[in-house]
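Q: Take a look at what TrEMBL says about it:
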{"type": "DOMAIN", "residues": "22-454", "note": "domain 'Enolpyruvate transferase'"}
{"type": "BINDING", "residues": "LYS34, GLY125, ARG153, GLN201, ARG382, ARG423, LYS448", "note": "phosphoenolpyruvate binding site"}
{"type": "BINDING", "residues": "LYS34, SER35, ARG39, SER199, SER200, GLN201, SER228, GLU351, HIS378", "note": "3-phosphoshikimate binding site"}
{"type": "ACT_SITE", "residues": "GLU351", "note": "active site, proton acceptor"}
Amino acid sequence: MTGTETFPDDALALWPAPLAHGAVNATVTVPGSKSVTNRGLVLAALAAEPGWLRRPLRSRDTLLMAEALRAMGVGVEETIASNSATSAAPGSPGEPDAPEGGGEAWRVIPAGLHGPATVDVGNAGTVMRFLPPVAALAEGPIRFDGDPRSYERPLHGVIDGLRALGARIDDDGRGALPLTVHGNGIIDGGPVRIDASSSSQFVSALLLSGSRFNQGVEVRHVGSTLPSMPHIRMTVDMLRSAGAAVDTPESGGEPDVWRVAPSALLGRDLVVEPDLSNAAPFLAAALVTGGRVTIPDWPEHTTQPGDALRGIFTDMGGSCEFTATSDGTALTFTGTGRITGIDADLHEVGELTPVIAAVAALADSESVLRGIAHLRLHETDRLAALAKELNELGSDVTETEDGLRIRPRPLHGGIFHTYEDHRLATAAAVLGLTVPGVQVENVATTAKTLPDFPGLWTGMLGSPAGPAPMSRV
Ligand SMILES: O=C(O)C1=C[C@@H](OP(=O)(O)O)[C@@H](O)[C@H](O)C1
Ligand SMILES: C=C(OP(=O)(O)O)C(=O)O
């Protein structure tokens with residue numbers, strides 16, 4: 001059983017999180033990065049020529065992005081890419097060849113963006129924030145709607161920013177969904193000031209479309225704090241790879257100011273990295289069971305925040321090494337079974353918090369997780385949800401102003417509610433490895449970014465380790 005198919009009402013379904021009988025020893029292939037896939041789709045849709053996304057993540061958030069772009073006129077074609085068998089006429093003028101080596105891919109064919117169209121954002125921050133600027137470049141009305149929680153997630157940085165840059169938007173004045181963007185195909189662009197302290201995605205959103213604005217864009221963040229900087233670096237890196245000229249604070253520019261010059265974007269052949277944030281529960285499994293987990297294709301250099309797991313989980317008691325496999329580079333993480341509490345500022349890597357909190361609840365000393373007040377506005381109020389659900393299993397967790405204080409206690413089984421939050425569900429699975437009787441509500445919610453998580457999880461617990469790494473890099 002996958003745990004996602006056997007119940008008539010997934011929202012009420014309970015998934016008995018499997019106990020680990022001994023140390024985990026597995027190789028787990030983690031699907032592609034949500035953040036890279038959805039940036040790749042947007043940049044490819046805005047490019048001057050067709051492009052490829054190879055090994056894209058196919059999950060709720062990325063399928064919503066693809067569908068939204070299609071609704072605005074962009075071609076997003078599922079294809080088995082190989083150099084000899086594609087429908088893309090590889091090698092034709094202005095058309096990048098199919099990706100090397102074949103495999104599953106999306107071919108993205110830019111077209112004149114247009115409405116009328118309706119975009120379902122689900123509860124995807126990347127869709128609700130990255131696409132209104134794209135819609136402002138379209139001709140005709142584009143309506144944005146989504147899950148009930150999407151109405152509560154902040155969008156003011158995108159709405160106010162776009163208005164200041166010349167877009168017309170109808171909303172209900174709350175700085176949130178639902179809304180309609182009435183584009184006429186052109187945005188003036190230029191300088192804009194926004195407060196992105198509640199989400200880095202406001203900055204990324206305006207930068208991603210900025211090269212297509214007449215004057216480009218200069219985004220100045222004026223808030224007190226700015227979370228998730230690695231995700232902004234990812235935006236900048238991917239824009240530059242698509243040919244855009246971008247100035248950043250790190251390249252000698254002013255603090256908190258990013259500039260994208262007006263230009264056409266290139267169609268790219270992009271191989272999507274594995275989602276390192278979604279590697280978190282699997283690495284945690286090695287840590288809490290004193291086992292060993294290998295993640296193939298872990299990039300040696302990346303902007304993904306999940307790369308910070310190497311340091312964080314090492315500080316909590318494990319060790320890791322890069323290994324060369326017959327297919328490339330892998331990361332092998334090894335636990336001892338001993339877990340140490342941690343005092344960590346997770347401001348830059350907030351999306352790692354739920355799994356880290358679960359590991360901290362199993363540690364032999366207290367943890368303090370800081371810098372993550374903005375998680376109250378994520379898929380759910382993650383600080384409240386983690387405190388409540390961990391305490392229901394016997395832990396002693398308190399919310400602080402900007403995070404969580406976790407005092408480990410012996411835990412017992414029970415229902416772990418997940419609030420339609422994929423990362424709450426994967427965190428609960430980690431607890432269930434060593435705590436008998438943990439039942440995860442609505443494990444199907446993991447499909448937001450991690451298709452068939454229950455299958456991958458039970459595969460990890462039941463499978464042999466796979467081919468042994470050949471040597472250290
Ligand atoms: O740009 C992105 O891909 C993301 C940025 C972050 O958002 P916030 O800055 O809103 O935390 C992160 O939490 C989210 O999962 C993905
Ligand atoms: C916060 C997250 O997602 P979103 O892109 O919806 O903001 C997340 O994946 O942890």
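Glycine is no exception: its Cβ is also placed from the backbone N, Cα and C atoms.
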Q: Across all the protein chains here, work out how many other Cβ atoms are within 10 Å of the Cβ of LYS34 (phosphoenolpyruvate binding site).
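A: There are 27 of them.
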Q: Should we count any of the recorded positions ARG39, SER200, GLN201, SER228, GLU351 as near ligand 1, judged by a CB under 6 A from one of its atoms, and which?
A: SER200, GLN201, SER228, GLU351
Q: By a simple count, how many Cβ atoms lie within 10 Å of the Cβ of SER228 (3-phosphoshikimate binding site), its own Cβ left out?
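A: Other Cβ atoms within 10 Å of SER228 (3-phosphoshikimate binding site): 22.
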Q: Provide the number of Cβ atoms within 10 Å of the Cβ of LYS448 (phosphoenolpyruvate binding site), excluding the reference atom itself.
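A: There are 23 of them.
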Q: Around GLN201 (phosphoenolpyruvate binding site), which of the listed recorded positions (ARG39, SER228, GLU351, HIS378) come within 10 Å, judging by Cα atoms?
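A: Correct set: SER228.
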Q: Using only C-alpha positions, which one of ARG39, SER228, GLU351 is spatially nearest ARG382 (phosphoenolpyruvate binding site)? These are the recorded positions in the record.
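A: Nearest listed residue in space: GLU351.
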Q: Which whole-number value in Å describes the distance between the Cα atoms of ARG423 (phosphoenolpyruvate binding site) and the residue listed as 'active site, proton acceptor'?
A: 8
Q: Determine, using Cα-Cα distances only, which of these binding-site residues is closest to ARG153 (phosphoenolpyruvate binding site): ARG39, SER200, HIS378.
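A: Closest by Cα: HIS378.
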Q: Sequence order is fine: just name those binding-site residues in LYS34, ARG39, SER228, HIS378, LYS448 with a Cα within 10 angstroms of the residue listed as 'active site, proton acceptor'.
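A: Taking LYS34, ARG39, SER228, HIS378, LYS448 one by one, the ones whose Cα falls within 10 Å of the residue listed as 'active site, proton acceptor' are SER228, HIS378.
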